[in-house]
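Straight from TrEMBL, the features:
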type	residues	note
TRANSMEM	A:23-49	transmembrane segment
TRANSMEM	A:96-118	transmembrane segment
TRANSMEM	A:130-150	transmembrane segment
TRANSMEM	A:171-191	transmembrane segment
TRANSMEM	A:203-224	transmembrane segment
TRANSMEM	A:253-276	transmembrane segment
TRANSMEM	A:296-316	transmembrane segment
TRANSMEM	A:336-356	transmembrane segment
Amino acid sequence: MFSLENITDSSQKWLYATFNSTIALVLQCVIVMLLVISLFAVLGLVLVLMERKVAARMQIRLGPNRVGPKGMLQTAADTLKLMMKEGLTPDGADKFLFNLAPFVVMIAGMLIMAPIAFAKGFQIWDINIGVLYVSAVSSVSVIGILMAGWASNNKYSLLGAMRSGAQIVSYELSAGFSIVSIVVLAGSLQMSDIIASQQTGWWLFRGHIPAIIAFVIFIIAVTAETNRAPFDLAEAESELTAGFHTEYSGMKFALFFLAEYINIFIVCAIGATLFLGGWMPLHVGHWKGFNHVMDYIPSSLWFLGKTFFLIFLIMWFRWTFPRLRVDQLLSLEWKYLLPISMFNLLLITLIAIMGWHF
Amino acid sequence: MYRETKILNVDSKVSPIGGDLEGAVGADEGELVINVGPQHPATHGVLHLVITLQGETIQKVEPHLGYIHRSIEKMCESLSYRQFIYVTSRMDYLSAHINNHGCALCVEKGLQLEIPPRAQVIRVLMDELTRIASHELWWGAMAMDLGAFTPFFYAFRERETINDIMEETCGARLTMNYMVPGGVMYDIHPNFQKRVKDFIQLFNNKIDEYDDLVTNNIIFQNRTKGVGILSAADAISYGCTGPVARGSGVTCDIRKLYPYEVYDKVAFDEIIETAGDSYARYLVRIKELRQSVRIIEQLIDNIPDGDFQAKTKAVLKLPRGEFYSRIETARGEFGVYIVSEGGTTPYRIKFRSPGFSNLSALDHMSRGSKIGDLMAIMGTLDLVIPDIDR
């Protein structure tokens with residue numbers, strides 16, 4: 001059966017057979033870099049269009065429908081426009097930090113791409129501490145946001161950045177606990193192991209109610225971590241105009257914008273990997289025929305389907321809920337989500353030790 | 001640190017309209033003075049608020065007015081009694097009908113005109129449709145201030161129907177200029193009754209939909225309950241009227257207290273909430289939507305036959321004296337005060353706009369709350385800036 005694994009394996013073999021190992025490694029890095037960058041561009045275009053279409057559907061309107069067939073090229077046109085715009089640096093801004101910040105946010109997003117398995121055998125770096133790496137690197141983006149807010153020399157930006165800092169640091173904890181509970185069940189930090197452990201069923205279904213609680217908390221926490229509504233306090237249009245990126249224009253703004261969507265994709269990909277079995281097809285117990293049919297759907301489609309389902313959920317939140325207030329945001333985390341997720345982790349550990357999961 | 005001095009220096013110490021801002025000069029260590037507006041997504045117009053912050057907590061809110069001042073009151077002095085009514089559509093443009101109505105009432109009071117019953121009913125119907133349209137827009141904008149974008153589109157869907165009805169009868173969608181001294185300008189369109197009935201039928205379910213989407217949302221309730229509390233005594237002393245005062249438990253509905261036209265003949269309730277917070281003000285408006293529907297339901301099939309306009313002279317002259325009339329707009333009490341010297345134009349006109357008094361309570365209500373609360377409070381004040389500045 002066709003699999004991306006064949007392509008990656010054979011291309012690697014060909015590289016190492018043709019060149020000596022150093023050049024092969026360098027070439028591999030270049031190919032991966034090009035792939036990641038093009039993936040970024042494509043994801044940005046697709047997700048922005050998707051958001052606009054989803055929003056339009058929910059708001060009884062059509063959304064972009066003029067540029068290209070069914071408005072498909074709208075985001076491409078918008079990107080062109082942003083590229084041609086002047087990238088202003090405000091007077092009195094810290095120029096170095098101001099210009100560095102969008103790249104920090106972008107690079108943080110790029111780095112997290114490494115351990116994500118897009119399909120069977122299609123993974124950049126199957127590091128043995130994959131999940132830990134993801135949690136660690138995802139925190140880097142907050143530095144970029146703080147940098148942007150601080151360097152802009154704008155009070156709205158400063159407030160937005162401070163809010164964002166408090167928010168991301170707090171919600172990292174809950175997200176971490178939810179991730180750890182799957183690590184406990186799977187018994188490994190490595191992405192490929194976690195996916196392999198879900199061959200007989202996804203952890204969302206196998207881990208009883210605690211796994212579902214962990215999943216719900218994970219979704220809430222990552223929505224907050226990506227600064228999405230109802231937790232978009234860092235941008236809070238009606239309060240802080242545009243929050244930390246008020247002063248950014250042109251491509252620098254586009255980078256923040258892109259990073260937001262890439263971050264959504266990444267957290268949803270991780271959620272899909274941990275709770276919904278990554279590229280693993282849906283298997284139900286002993287239904288041999290059903291399982292066999294499911295196996296015929298390519299693994300990349302499984303992965304993308306699950307990820308985009310979660311992305312849709314997060315977009316749905318955004319267009320439904322009002323925004324929380326800053327103190328409510330923090331009390332939700334520290335008074336409710338954190339104690340629940342700690343207790344939940346204990347339950348999951350108990351389930352894992354006693355082997356009660358399916 | 002170079003940042004600290006810079007942050008306080010950027011744009012706050014000098015007001016854009018000249019002179020030092022009191023708050024900025026006396027700013028303590030760690031206080032942040034921010035200009036919200038005149039261009040800001042949540043001020044819905046050119047309102048300029050200078051807020052003093054301690055972290056996220058509001059110390060002081062100072063509204064600066066005048067960005068859209070057109071001296072409407074002065075303009076009215078050179079316009080005839082028929083003409084000056086049209087200028088008032090540009091004040092509270094969301095209650096344009098009701099503003100026109102208030103002015104027409106005052107002129108009629110001076111002329112001691114008897115209004116035909118048909119015109120009275122049409123006026124009340126138009127007023128209530130306007131009230132629904134205005135509350136619709138407020139509901140959408142309020143939800144948007146709190147970060148929910150979708151309600152705005154739902155609100156506009158229904159508001160659009162009202163605008164279509166208005167357009168058919170009055171020929172305009174926003175500034176209708178339909179009320180004239182002595183009645184209304186034209187008779188209603190033949191489709192009017194049917195379309196209003198269709199709308200009412202559709203709209204009753206929509207209010208439940210609004211409740212599902214926003215009113216019963218836990219985040220929305222947390223954002224508004226206990227926020228921006230205004231006691232009944234404060235509401236009276238700040239001169240608040242309309243839903244703002246009624247949310248604090250003050251009885252102030254002009255339609256009940258000083259009934260005009262046919263309001264004393266229709267059954268409807270004055271909505272009073274006693275909590276005095278943003279949620280109470282929100283509930284007052286949502287419940288008022290149902291009451292407006294109730295009034296329209298009673299009147300739409302009972303429009304009496306007859307003239308739509310009383311016979312008036314071509315040139316109106318008010319007798320020498322002072323005349324005052326009051327009317328309940330979607331935002332509160334709108335007063336018209338005319339001083340006449342007996343000529344064809346008013347000697348002096350003063351409008352008492354509800355928005356101005358309601359805005360004055362903003363500082364009192366928002367001290368000690370967070371920035372996010374300021375938006376929730378401003379949302380429930382339902383400010384229309386041209387109404388404040390005139």
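Residue numbering: from 1, along the chain as shown.
Cβ atoms here come from the backbone N, Cα and C positions, even for glycine.
Within its own chain, the transmembrane segment (A:171-191) has Cβ neighbours under 8 Å at 115-117, 123, 126-132, 134-135, 138-139, 197-198, 203, 206-207, 210-211, 214-215, 217-218, 220-222, 224-225, 231, 270, 273-275, 278, 333, 337-338, 341-342, 344-345, 348-349, 351-352, 357, counting only residues six or more beyond its boundaries. With pairs at least 6 apart in sequence, the transmembrane segment (A:253-276) and the transmembrane segment (A:23-49) have 3 or more Cβ pairs within the 8 Å limit; the two touch. Simply put, out of A:130-150, A:296-316, A:336-356, A:296-316 has the most Cβ pairs sitting under 8 Å from the transmembrane segment (A:253-276). Packing against the transmembrane segment (A:296-316) from elsewhere in the chain are residues 1-4, 47, 50-51, 54-55, 58, 117-120, 122, 219, 222-223, 226, 228, 264-265, 268-269, 271-273, 276-282: each is 6 or more residues past its ends and has a CB under 8 Å from a CB in it.
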